[in-house]
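Q: Here you go, one structure.
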Amino acid sequence: MKTDVEKFPVASVPGARLLMVISPYYNGVADMMQRGAEAAAEDAKATLDRVFVPGAFEIPAAIALAAKTESWDGYLALGCVVRGETSHYDYVCGENARGLMDLTVREGLAIGYGILTVNTLAQAEERADPGRGDKGGESARAALAMIALKRHFAELPR
């Protein structure tokens with residue numbers, strides 16, 4: 001994966017609470033993504049909680065359940081789906097993305113999308129590694145930016 005794109009800056013959101021919803025199906029990949037997300041949250045002075053679900057397909061439902069508690073300002077969807085020999089990959093990836101986008105648009109949730117959809121495990125490892133692709137950190141920075149935007153809109157005069 002070759003990229004010259006600079007990292008999106010970490011928004012200043014002191015006191016923000018993030019929930020990482022993690023599919024550890026590919027444990028090594030999930031661990032790297034968590035490390036990247038933790039570093040971004042620390043830079044933003046945000047707190048980070050975590051829960052685990054069986055697979056990427058369950059992540060939208062877990063975020064929907066967590067959102068009902070109103071305990072977190074934003075959410076990170078972290079997981080990996082590697083293409084196999086059947087159409088299962090297409091269903092999991094498509095429904096996962098649709099479910100997370102529905103929550104973002106309909107419920108106004110700040111969700112960082114960190115679901116790697118790759119052809120090989122090597123591609124996933126490169127993208128997950130905080131020193132290379134840092135997709136965990138990228139998803140945290142996206143969620144933090146959206147939390148900052150929500151706070152900005154909430155402060156505007158009515």
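Please read every residue number as a count from 1 along the shown chain.
Backbone N, Cα and C define each Cβ position, glycine as well.
Predicted automatically and left uncurated, TrEMBL annotations should be read as such.
Residues or ranges marked as 5-amino-6-(D-ribitylamino)uracil binding site by TrEMBL: Tyr25, Ala56, Phe57, Glu58, Cys80, Val81, Val82, Tyr113. For Glu85, Thr86, Arg127, the entry in TrEMBL reads (2S)-2-hydroxy-3-oxobutyl phosphate binding site. For His88, the entry in TrEMBL reads active site, proton donor.
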Q: Radius 10 Å, atoms counted are CB only; among the recorded positions His88, Arg127, which position scores highest?
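A: Going through His88, Arg127 one by one, the largest Cβ count within 10 Å is at Arg127.
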Q: In sequence order, what residues of the same chain, 6+ apart, have a Cβ less than 8 Å from the Cβ of Val82 (5-amino-6-(D-ribitylamino)uracil binding site)?
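A: The answer is Tyr26, Tyr89, Val118, Asn119, Thr120, Leu121, Ala124.
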Q: Can you grab the distance from Arg127 ((2S)-2-hydroxy-3-oxobutyl phosphate binding site) over to His88 (active site, proton donor)? Cα atoms, rounded to a whole Å.
A: 22
Q: Using Cα coordinates, what distance in whole Å links Glu58 (5-amino-6-(D-ribitylamino)uracil binding site) and Glu85 ((2S)-2-hydroxy-3-oxobutyl phosphate binding site)?
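A: Taking the Cα atoms only, Glu58 (5-amino-6-(D-ribitylamino)uracil binding site) lies 21 Å from Glu85 ((2S)-2-hydroxy-3-oxobutyl phosphate binding site).
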Q: Reported as an integer number of Å, what is the Cα distance between Tyr25 (5-amino-6-(D-ribitylamino)uracil binding site) and the residue listed as 'active site, proton donor'?
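A: With the alpha carbons as reference points, the distance is 15 Å.
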Q: Using Cα-Cα distances with a 10 Å cut-off, which of the binding-site residues Ala56, Phe57, Tyr113 are near Glu85 ((2S)-2-hydroxy-3-oxobutyl phosphate binding site)?
A: none
Q: Compile a sequence-ordered list of residues in the same chain as Val81 (5-amino-6-(D-ribitylamino)uracil binding site), six or more apart from it, whose Cβ lies below 8 A from its Cβ; state 'none' when nothing qualifies.
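A: Looking at Cβ-Cβ distances below 8 Å from Val81 (5-amino-6-(D-ribitylamino)uracil binding site), excluding near sequence neighbours, one finds Ala56, Tyr89, Val92, Cys93, Asn96, Ile115, Leu116, Thr117, Val118.
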Q: In sequence order, which residues at least six apart in the same chain have a CB under 8 Å from the CB of Phe57 (5-amino-6-(D-ribitylamino)uracil binding site)?
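A: The answer is Val92, Glu95, Asn96.
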